[in-house]
Amino acid sequence: MGEGLRTLLFEGDRLRLIDQTKLPTELRYVMVDDEQTAFSAIRSMQVRGAPAIGMTAAYGLYLGLKKHVDLDKEAFFGELKRQAEFLKGARPTAVNLAWAIERLVRVAHEQRAQGVRAVLNALREEAKAIQHEDERACRTMGENLQAFIKDGMGILTHCNTGALAASQYGTALAGFYVAHERGLKIHVYADETRPFLQGARLTAWELQQAGIDVTLICDNMAASVMASRKIQAVMVGADRIAANGDTANKIGTYQVAILAKYFQIPFYIVAPWSTIDPKTTSGREIPIEERPAKEVTEWGGVQIAPRDVPVYNPAFDVTPHELITAIVTEKGIYLPPYHFA
Ligand code: MRU
């Protein structure tokens with residue numbers, strides 16, 4: 001679905017999202033019409049992936065504030081502050097969410113003198129601009145990643161970094177779509193990505209729809225697949241990249257990076273510039289979201305672990321910069337040593 005289905009569709013002042021919790025068995029949509037519905041779509045992971053949650057929060061902020069068009073300026077800006085903080089709290093790790101909200105807040109303050117209606121117009125246009133920029137950035141990342149994709153390659157990926165996670169194409173998967181368009185034959189190995197199964201449910205589905213060769217493996221098979229020389233590169237996305245290159249991504253990415261080092265397989269991060277957080281100096285400062293125990297102890301409402309067993313469920317881990325061969329963005333390819341400050 002490089003160019004096909006749209007994860008986010010903003011039309012007629014409403015935001016329609018593909019409900020990713022229902023894939024791959026059902027293609028259903030969820031509507032966002034204010035900050036509350038945006039928050040719950042992000043928190044429940046109906047929409048997920050760093051760029052997609054940033055865009056959803058931006059539209060959610062605009063739509064939420066639109067309901068307060070009749071407030072006086074002082075009260076409207078109070079509401080802006082409240083909703084911005086509320087939306088930022090939906091998920092803490094992917095910096096794209098706070099980045100998008102802060103962009104809208106800045107624009108609102110720039111337009112303050114023009115009055116509430118002008119501020120609302122500016123917020124809507126800024127949210128749309130973020131989406132258009134993301135579309136272009138994804139395509140460019142895909143093109144930039146061709147420097148590392150060769151015909152016949154086996155590529156391991158983790159989680160979902162495709163069109164579902166962004167506006168179009170995605171990040172690492174953008175590279176696979178571009179390679180496919182150019183007639184290269186690649187074979188993708190998708191980690192299932194426990195516990196939320198973004199690899200099994202979303203990446204396998206997206207790539208299959210696009211006609212790209214994909215084989216689904218369980219997370220604990222990565223070493224064995226690498227040992228059998230089926231993988232020539234690992235390509236994954238990111239939720240936050242610190243100034244020194246340390247990278248937070250879906251839980252399990254770190255162990256894949258360690259394996260890649262052991263097997264001397266290059267390990268690439270592909271992410272838009274908005275995922276780089278120069279204010280965070282190293283991975284130690286990146287807040288890691290912990291998700292509910294039920295995501296581990298149940299699947300599809302079926303209990304798969306003893307009731308009340310203690311669970312630790314961090315949604316992300318941090319891959320230290322020394323394990324990363326290159327960071328590919330829309331602005332170009334960055335090689336170690338990384339300095340994003
Ligand atoms: O918890 P998720 O599904 O939102 O986590 C998503 C990831 O970790 C992705 O790899 C990352 O956001 C990059 S998406 C282009």
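One-based numbering along the chain as shown.
For all residues, glycine too, the Cβ spot is worked out from N, Cα and C.
TrEMBL labels come from automatic prediction, so no person has curated them.
TrEMBL names R48, G49, A50, R91, N249, K250 for binding substrate. Of Q198, Q208, Q209, the residue it gives for the same site is Q198.
The recorded positions near ligand 1, defined by a Cβ under 6 Å from one of its atoms, are A50, C159, D239, chosen from A50, R91, C159, D239. Inclusion criterion for the recorded positions G49, C159, Q198, N249, K250: a C-alpha placed within 10 angstroms of the C-alpha of D239 (active site, proton donor); this criterion is met by G49, N249, K250. Following the DSSP three-state reduction, the secondary structure of R48 (substrate binding site) is coil.
Counting in whole angstrom, A50 (substrate binding site) lies 12 from C159 (site 'Transition state stabilizer') by their C-alpha atoms.
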